[in-house]
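Taken from TrEMBL as is:
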ACT_SITE  D82  active site, charge relay system
ACT_SITE  H120  active site, charge relay system
ACT_SITE  S290  active site, charge relay system
DOMAIN    365-507  domain 'P/Homo B'
TRANSMEM  538-559  transmembrane segment
REGION    580-621  region 'Disordered'
COMPBIAS  611-621  compositional bias 'Polar residues'
REGION    645-763  region 'Disordered'
COMPBIAS  656-666  compositional bias 'Acidic residues'
COMPBIAS  676-693  compositional bias 'Basic and acidic residues'
COMPBIAS  697-725  compositional bias 'Polar residues'
COMPBIAS  734-754  compositional bias 'Low complexity'
Amino acid sequence: MPDEVHGLLIESEHVKWFEMQTPKKRYKRELDFQKFKDPRFPEQWHLYNDGVNGVYQNNDINVMPVWVRGINGSGVTVSVIDDGVQYMHPDLAENWNEAVSYDFNERTNTPLPQAPEDVHGTRCAGEIAAVANNVCGVGVAYGATLAGERLIANTTTDAVEAQALNHQFQIIDIYSSSWGPNDDGMALDGPGYLAQAALAAGVRKGRRGFGNIYVFASGNGGLEGDNCNFDSYANAIETVAIGAVTNKGTMPFYGELCSAHLAVSYSGGNGLGIVTTDVKQCTASHSGTSAAAPLASGMIALMLSVRPDLGWRDIQHLIVTTAKKNDPTDADWHTNGAGRHVSHKYGFGVMDATLLVEAAEKHTLLPSPAITLTKHSYKHIRLLAGTQETDTIDVLAQDVAGMAAIEHVQVTVRIRHPDRKFLTIKLVSPQLTESILAAPRFKDDSDQGYNPWTFMTVHSWGEKALGTWKLLIEDVRMGEIDPYTGAPFSTGDLLDWSLTIHGTCGEEDVLIDPDQIQANGRTCSHTVAEARRQKRTVIVGALLITSAIILMAAGYVFYKRVYAKNDQAWRQLTINTSFDSHGDVESPSGKEFFKYPKSPIDIESPHPGNDTRSLKQPSSSGFKRSVSLELLAVRSVRVGEGELSPQVAVNVNSSDDSESDSDNDSDTSHLTGSERASRVGRRIENLRNEFIKRGTSPLTKAHSTSSLNIGSQGSPSIPSRNISKTPPPNLEISSPRPLSRSSSTASLLKRSASQEQLKKFTD
């Protein structure tokens, strides 16, 4: 029978397809709650909101579809930087990694809470990765690895915060931080120099080169009029600033308005808190942005478990593009120039775990690094009460070559103002997107202004940078007279400001750089060209410096080779006690002369009066050189162990030919030794008279009228006196200098020498 039916079906022209049907079982694609027997799980409305217990149905992070697929954060490590974590808690112990945990307050490897009030870190850790094991509740990424860093239980420092932010940063993927400066409406604070450097190093080098993810709670200062832009942890481009919404999807009373919010997540409000682990137990009262940030960290862990190659900018980009618009009737929502909805209350909206994971799986990695542009305005503007002032910066096409879309925009201002709490600061993009960077904080009594301070906005995400950017500063004080003091309001000043735009290029400008770890080597051609330009600049600079060094070295070698054998001929010499029979200068032998002193140097010799060495030109030089002695000063020095003996310090100069100077008085080549000695004596007498005339004689008054005699061997004889080596104050003495090609016209004593004499001296 079946065969007959089969045959009829085949033959029928009205039957296009047939198949025998068999029964199949289909299964619901929902989480089997029976395997989650954690007693408090039904109360975790932020994970699964079915509308019971008075909560608003579907106001949750939509994580169930992700869990059904078996995605639970395994393979990802999240560190909770806080006041400690009770890691022995039965809901946490299984996921704990002690090896990468640390107590920065006590300097141990066991970051346990110490004080009774230190429950904060344990609660945050449970939200992220509490194990599904029938104890308390379940974490968003219940398969992730937990680490803890005890930091804020006591006071901290910039250096310690920097250490915490980079602690084990190749193993830890996400740092969850539910803390910051005081939300008192007065603080202007954040990471110091070292912590800022740690954040930059983390996103650039951490997580095996893909970049660490830093999640920060945006702050709970709503009632104080605070703004997360006054917290430079929350407004840093390297961090993900997370605000809070209640189970109704609205802003809680503690929420802050802020242009640096990237997104929001659920937290306590309206009398309903977050269920999570607590020290030794469970709690249902965790709240604040402290509770919202760990949920964001858990969702990011789910993303990294399916795409471990996501960079830190990819994570932020995915949050921006998948966040859902909550509280849709709120007036603060606006659409930016890229068509994205954004709000000072909610950032880009509520994070959705399923949308994030699905988008991560399909995401094309952003080219890395980002393109950055900074422009300055130095226009000085007076800020008057009750007025709004405007300044602009024009971004030209050549400024943003290659930048297709904006990510973060930073504004750094230097403002001098006696009462900054009255200032509103706004930035308007070329697409007319308005970011409120600072709003009045009426508890802020500082008179320090902003000196300087950097604000950040994400509201222009995806826009074009080209065009005119406007900075608006308004002093909201009304009138000119302070109603409380009766005195005129003091004015303020905008001293200068800068605009820094971070963005990315389009796909048409993407290149593959094999040396780039992030983004699988995808990088922007503009950044490659800029890097090459900078590299060329460095190389050219290095070549110039190297060339200069080589030239200097070559010059030095040339000097040493040309002048080495004549070196002693222009060092300081001393005319000793006699001339030899040929009229050659006698000089102490066996004594190294000082090199190039700034003033005449007296030289001691253990062998006075009997060691002579003539000045000679080296035979290898190949040319003649005449040498003249330039008399500098009369000196008396101790010679050996004997009495003080007169000497005369001289410089030696030379010329290229053997002809003597045209000054006949200087030509001594035709004189005998005694005649030359007599001439030297006369010169010294003239010098002494010149000293007396100037009142600068190196001799004492008792000796100033003494005659100079030629000794028995023809040497000038001067009364012995030990005087300072420092020249008299009014006596101009030239420093020793290299041999010139003509003898000095300022010489007090010139003397020519033959090549043979020079050679004799320098041999």
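Including glycine, each Cβ sits where the backbone N, Cα and C put it.
Overlay of TrEMBL annotations on the structure.
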| residue | record | Cβ within 10 Å |
| --- | --- | --- |
| D82 | active site, charge relay system | 28 |
| H120 | active site, charge relay system | 23 |
| S290 | active site, charge relay system | 25 |
Distance, H120 (active site, charge relay system) to S290 (active site, charge relay system) (CA atoms, angstrom): 8
Coarse DSSP state, helix versus strand versus coil, of D82 (active site, charge relay system): strand
Between H120 (active site, charge relay system) and D82 (active site, charge relay system), what C-alpha distance do you get in Å? 7
For the domain 'P/Homo B' (365-507), residues assigned helix / strand / coil by DSSP: 4 helix, 73 strand, 66 coil
